[in-house]
Amino acid sequence: SITLADETINNSLATNVTVVPPTSDTNVPLWVGFIGCLIASVFFGSNFVPVKQYSAGDGFFFQFVFCVAVWIVGLILDVILDNQRFYPLVLIGGVLWATGNLVTVFCIKTCGLTVGLLIWCTSCLIMGWAGGRFGIFGINAQVPSTSLKLTLNYASVILAATSAIFFVLIKSNNTSKESTTSYKPNKQATVEIEKKADFNEDTTEIATETDFPFLVHLSAPIQKALGCVLALMAGVFYGLMFIPDQYIRDHPEKFLYKGERPPLNGLYYINSQYSG
């Protein structure tokens with residue numbers, strides 16, 4: 001009778017326990033990650049080239065069009081993956097990314113595409129490294145397994161930080177989009193005035209900055225310094241934008257949905273971030 005009672009208790013407990021199935025993610029080879037980084041570097045390094053060639057205004061309309069195109073890509077990816085979950089926490093990462101993009105147009109106009117891109121990429125690298133190495137905002141710290149890897153890890157970050165100092169010294173030729181107003185002097189001017197001015201057949205151009213009118217009141221060094229500071233801030237935002245989805249993957253027990261853990265594959269968080 002005792003055995004029968006024990007079996008009854010065990011069966012009742014088994015029916016009341018919520019079973020958390022393991023994720024179906026498979027390990028991806030290391031070389032696939034390096035290829036992905038290479039492809040991402042090519043696209044991230046060229047996506048702001050149109051801003052350099054054409055007038056993008058103050059950056060808000062550019063950012064709107066940019067985000068719409070990116071969100072469409074995320075939506076298509078969600079359809080392909082048949083992703084049925086949305087992660088509100090990951091929206092914060094999207095907000096950080098969009099905020100960083102807002103100031104990039106101004107950075108390109110002031111300190112140039114080359115300098116601006118190098119600065120915000122370097123600060124993004126350092127901030128992303130610090131987040132993973134020390135585990136900021138509750139994510140798991142990723143400490144190198146050996147002393148050699150730890151030494152190389154710190155050495156590479158120091159070299160990257162040092163290179164940012166030299167990036168600031170690069171001279172960039174800014175081709176700001178300007179509107180020109182041409183006029184001809186009054187044809188009825190006297191001969192004396194015409195001889196003195198010598199502008200009787202020539203035109204004179206008055207250049208005004210159309211994207212950021214207040215820049216005409218700032219000197220070139222101040223413009224470059226302001227652009228470098230904003231590029232640094234944009235890089236910090238870029239380095240933090242993956243913290244929310246990494247937090248979910250590091251603490252899956254806090255984000256159960258119908259008894260299932262969130263996936264470890266970062267592609268399932270793309271649309272949530274792009275929506276932010």
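Glycine too: its Cβ is placed from the backbone N, Cα and C atoms.
All TrEMBL annotations are machine predictions without curation.
Residues or ranges marked as transmembrane segment by TrEMBL: 28-48, 60-80, 86-108, 115-139, 151-170, 225-243.
Same-chain residues lying 6 or more positions outside the transmembrane segment (151-170) and placing a CB less than 8 Å from one of its CB atoms are 112, 114-115, 118-119, 122-123, 125-126, 129, 133, 144, 228. Ranking 28-48, 86-108, 115-139, 225-243 by CB pairs under 8 A with the transmembrane segment (60-80) puts 86-108 at the top. Taking pairs at least six residues apart, the transmembrane segment (225-243) and the transmembrane segment (86-108) share three or more Cβ pairs below 8 Å and count as touching. Long-range contacts of the transmembrane segment (115-139) within the same chain: residues 44-45, 48, 100, 104, 107-108, 153, 157, 160-161, 163-164, 167-168, 170, 172, 224, 227-228, 231-232, 234-236, 238-240, 242-243, 246-247, 250-251, each at least 6 residues beyond the stretch ends and with a Cβ under 8 Å from a Cβ of the stretch. Through the fold, the transmembrane segment (28-48) approaches residues 104, 108, 113, 117, 121 of its own chain, all at least 6 residues removed from its boundaries and within a Cβ separation under 8 Å.
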